[in-house]
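Notes follow once the structure below has been shown.
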Amino acid sequence: MRLVIFGRQGAGKGTQSKLLAEHFGVPHISTGDIFRAAISAGTEIGLAAKAIMDRGDLVPDDVLRGIVAERLAQSDAADGWLLDGFPRTPTQADDLDQIADPPLDLAINLEVPEDVVVERISSRRVCKAEGHIYTANDPSARSGICEVDGSAVVQRDDDTESAVRHRLEVYAEQTEPLLARYGESNRLVTVDGAGAVADVAGRVVTGINDGLAR
Ligand code: AMP
């Protein structure tokens, strides 16, 4: 099973991806998580990406190509993967066509209206170690300590209002047009991402199974 998940920031991609990856037994590969880990580790890529990410801009395509090609070549990705946050530009979609062998099976579009996502992002909190996601009112967010791994729970540096607005613009301009491309090759599944996490997860799995059967 080779999948990518699309959706504007705050649509629930990270949360749904973790559930989906578990359900289908494939690794969840989030390019944003890879960059955040690189920043924490202080690597060269992390240092270069930090300022770009904090502004809400995109890291250059050639950097992504190398990272994704290397990650998909690892043994845990031999039988499938779920990509979250890649591709984000037409060049990245071309690169994925070249890298993915066997090719991508389906693209999932998690659809949530813009006013709902702005609200969700402003209350989003994440843990530093593994990116577990909380809302501001969850006990882990209130205590500042992740209930799963004990690391600090913080607001992402790029979840500020101005960076969020810019990221939504970048998504609309550069990423959303890619959906048509997957639609044309009959590989697009669109799912309503509003509502409770478990309900959305059920709709996503049904959508994927229907998409694979057609
Ligand atoms: P995300 O966690 O997917 O929202 O990604 C956070 C940030 O990481 C983005 O706003 C970009 O700055 C950077 N990033 C993640 N994935 C990509 C990508 N495929 N192309 C360019 N930049 C990316």
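A Cβ is built for glycine as well, from the same backbone N, Cα and C atoms used for every other residue.
Owing to the predicted nature of the structure, the values given are computational and were not obtained by experimental measurement.
All protein chains considered, the CB of R124 (ATP binding site) has 21 other CB atoms within 10 Å. The ATP binding site feature in TrEMBL is assigned to G10, A11, G12, K13, G14, T15, R124, I133, Y134, G195.
Long-range Cβ contacts of the region 'NMP' (30-59) within its own chain (Cβ-Cβ under 8 Å, at least 6 residues beyond either end) map to 14, 17, 67-68, 71, 83-86, 88-89, 128, 131, 156-158, 162-167, 170, 174. Among the features that TrEMBL reports, region 'NMP' is placed at 30-59.
Cβ neighbour count for R88 (AMP binding site) (all protein chains, 10 Å cutoff from its Cβ): 20. For the recorded site, R88 (AMP binding site), the DSSP three-state label reads coil. Per TrEMBL, the feature AMP binding site maps to T31, R36, D57, L58, V59, G85, F86, P87, R88, Q92, R156, R167.
Look at TrEMBL and you will find 124-158 tagged as domain 'Adenylate kinase active site lid'. Sequence-distant contacts of the domain 'Adenylate kinase active site lid' (124-158) (same chain, six or more residues past either end, CB-CB distance under 8 Å): 10, 14-15, 30, 33, 36, 40, 53-56, 164, 167.
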Notebook entry, point to check: Which binding-site residues from the set G10, G12, T31, V59, R88 come near ligand 1, judged by a Cβ under 6 Å from any of its atoms?
Noted result: T31, V59, R88
Next item on the list: Identify, in sequence order, the residues in the chain of G10 (ATP binding site) that are 6 or more apart from it along the sequence and have a CB within less than 8 Å of its CB; answer 'none' if there are none.
Entry: V112, V116, V117, V118, R120, I121, R124, V164
Next item on the list: Using DSSP, break the region 'NMP' (30-59) down into helix, strand and coil residues and give each count.
Entry: 23 helix, 1 strand, 6 coil
Next item on the list: State, in Å as a whole number, the widest CA to CA span among the AMP-binding residues T31, R36, D57, L58, V59, G85, F86, P87, R88, Q92, R156, R167 given in the record.
Entry: 24
Item checked: Neighbouring binding-site residues, C-alpha within 10 angstroms of G14 (ATP binding site) - of T31, D57, R88, R156 -> none
